[in-house]
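If you look up Swiss-Prot, you'll see 1-23 marked as signal peptide, on the strength of sequence analysis. As annotated by Swiss-Prot, disulfide bond applies to 24-122, 52-162. Swiss-Prot lists 94, 101 with the feature N-linked glycosylation site, giving sequence analysis as the kind of evidence.
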């Protein structure tokens, strides 16, 4: 009789923990991986940003989606997942591999892939728990438009070293913003 009771108690504790943390340890592992990805991005820099000032561009990062005070963690996870997926897609393109040190690029992409796995675990916990709000759909569309403008920019600049440096710096800001969003939300829990 003690074993079934203990088993039930474990299930109750685990389900409570899942409900409170969205079923994953995202704030700790994701934050550490994000910091490592930011460090790798910094190490990937090949040119001084000052030498590429003429190539700078505002890609229209959806900052209002990150700054929104009313955003909940459940809404932030799909947003950060889409950001991470788009960054990984950008840096695994054939044109990207020619622009960076292969070892650093592989490590960076591996970190992004691990972050995506963490985020997917959270998304799976959310499936069926909540509906997909229209504002969330708008956020994902804004992210896709943002990365489309980056892709178009790289094409227009013929994937030049300066264009990639501008994009690297932009992605660094984007990753930093997503990390700050998740850190803020984890403090609110």
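Any Cβ shown, glycine's included, is placed from N, Cα and C.
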If H, G and I count as helix, E and B as strand, and all else as coil, what does DSSP give for residue 101 (N-linked glycosylation site)?
coil
Nearest by CA distance to residue 52 (disulfide bond): which of the recorded positions is it, out of 94, 101, 122?
101
Starting from the Cβ of residue 162 (disulfide bond), draw a 10 Å sphere and report how many other Cβ atoms land inside it.
17
For residue 162 (disulfide bond), what is the secondary structure by DSSP, using just helix, strand and coil?
helix
Applying a 10 Å Cβ distance cut-off over all chains shown, what neighbour count does residue 101 (N-linked glycosylation site) have?
13
Judged by the number of other CB atoms within 10 angstroms, which among 52, 122 is the least packed of the disulfide-bonded residues?
52
Cα of residue 101 (N-linked glycosylation site) to Cα of residue 94 (N-linked glycosylation site): how many Å, rounded?
13
Is it possible to get the count of other C-beta atoms within 10 angstroms of the C-beta of residue 94 (N-linked glycosylation site)?
7
Given residue 162 (disulfide bond) and residue 122 (disulfide bond), what distance in Å do their CA atoms have, once rounded to a whole number?
36
In whole Å, note down how far the CA of residue 94 (N-linked glycosylation site) lies from the CA of residue 122 (disulfide bond).
30
For residue 122 (disulfide bond), what is the secondary structure by DSSP, using just helix, strand and coil?
helix
